[in-house]
Amino acid sequence: MYKKISMNDKEIEHAINNEVDRQNEHIELIASENYVSEDVLTAVGSVLTNKYGEGYPGKRYYGGCENVDVVETLAIERLKKLFGVKFANVQPYSGSVANAAALATLASQGDKIMGLDLASGGHLTHGYKISFSGIFYNSITYSVNEDGILDYEAIKELAIKEKPKVIICGYSAYSRIVDFKKFREIADACGAKLMADIAHIAGLIAGGVHPSPVPYADIITSTTHKTLRGARGAIIMTNDVEIAKKMNRWVFPGYQGGPLFHAIAGKAVAFGEALKPEYAAYAKSVVYNAREFSNYFIKQGVSIVSGGTDNHLFTINVNKSYGISGLQAEKILGKFNITVNKNTVPFDELSPAVTSGIRIGTAAMSSRKFAKWKELGAIMHEILQNCVEFSENESKHLDRIAELKKQVEALTTEFPIITKY
């Protein structure tokens, strides 16, 4: 379990300790969240936060960088080993910054880019109209088919017709294996560069349970805090020396100034943890648990986008299955200490602020070695079935609500947060 802290600033101490309680006592099913180790927390909270050092190891614009050079070099070398790449940048503050730098590396303002649309499982930074990617680039989108699965032939036809400068593959809510080889063939067919955003599946790739884009993509981006189980931030990788030079310039001085060395240290620690043999077992458990969990809902007749999962997440169409919105589902589950996020489904008729679905991920609870997925599924199924009744007539169901909360509490107690990996 995470431990509470003591600070002179009692207001911030109170907020942090409340969050410690929340994380310890809640079932965490947000697919983009995980639990970092004590070592990662120590690195992120270290004196490295005091150091400024624009530039790269050995080529800084500030003095006194000998120790942070060691930290950043370790992060780079560990990352290169983890994914089998020749060049890596560990400085991006976030996935959005990494994607901005990667797109700028491969395309110019106004060029055409092609990514999966948001409702189908794409990300804001893959060309959504209110994102920089949709404002500074001419964005066109591909989508999944009626079954919620990528249709590679349809994507190829669109790419040949539109001739984008960059094709983006890798998603925030797609539950099936991404065929990077087919995307390479599509990119070659239309003369495009291929950008793989593996933010969600990076840890699965590192653990050997999802194919790698390294042999096929021109440039690869990822966050470090999802399945990689690291400090918050991002990375960019490539095997092309010229692309590496450009991406480094776009990170600094293009989009960022001084690196966050405390965060880079946290990334380095997480990369080291992911290089251990035990990490492969963790990645395998994440996928197994996601299938086990999704299969419970499928057996209850619940609508799952694409009909199941091959990775760490799946999306439930709660509008179709329970007659409620994703927002309603997120709120009612939250009252029972089960944390999810509302999410659009393919061809969603509800707005992104409301949605028809909820996205479920198993990365965080797998870090706790959680093993009672059917029991959790039954609790969630009952809550979602009774969402309106529990919300509007709570006083009539106090005993049952209390019992369900007690069951959730028992699960979090049985499977506490693990802080050493």
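Keep in mind that glycine also has a Cβ here, set from the backbone N, Cα and C atoms.
Cβ neighbours within 10 Å of G122 ((6S)-5,6,7,8-tetrahydrofolate binding site), excluding its own Cβ and spanning all shown chains: 26. According to its DSSP assignment, G122 ((6S)-5,6,7,8-tetrahydrofolate binding site) is coil. If you look up Swiss-Prot, you'll see L118, G122, H123, L124 marked as (6S)-5,6,7,8-tetrahydrofolate binding site, on the strength of sequence analysis.
The N6-(pyridoxal phosphate)lysine annotation in Swiss-Prot covers K226 and rests on sequence analysis. Within its own chain, K226 (N6-(pyridoxal phosphate)lysine) has A31, S32, E33, N34, A199, H200, A202, G203, A363 as residues 6 or more apart in sequence whose C-beta sits under 8 angstroms from its own.
As annotated by Swiss-Prot, site 'Plays an important role in substrate specificity' applies to H225, with the evidence given as sequence analysis. Within 10 Å of the C-beta atom of H225 (site 'Plays an important role in substrate specificity') sit 25 other C-beta atoms, taking all shown protein chains into account.
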Cα-Cα separation of H123 ((6S)-5,6,7,8-tetrahydrofolate binding site) and H225 (site 'Plays an important role in substrate specificity'), in Å?
16
Apart from L118, G122, H123, L124, which residues in this chain have a Cβ no more than 8 Å from the mean position of the Cβ atoms of those residues at the (6S)-5,6,7,8-tetrahydrofolate site?
G115, L116, D117, G121, T125, H126, G127, Y128, S131, Y171, S172
Among all the protein chains here, how many other CB atoms are within 10 A of the CB of L118 ((6S)-5,6,7,8-tetrahydrofolate binding site)?
23
Rounded distance in angstrom between the Cα atoms of H225 (site 'Plays an important role in substrate specificity') and G122 ((6S)-5,6,7,8-tetrahydrofolate binding site):
18
Quick check on the binding-site residues H123, L124: which one has the highest count of other Cβ atoms within 10 Å of its Cβ?
H123
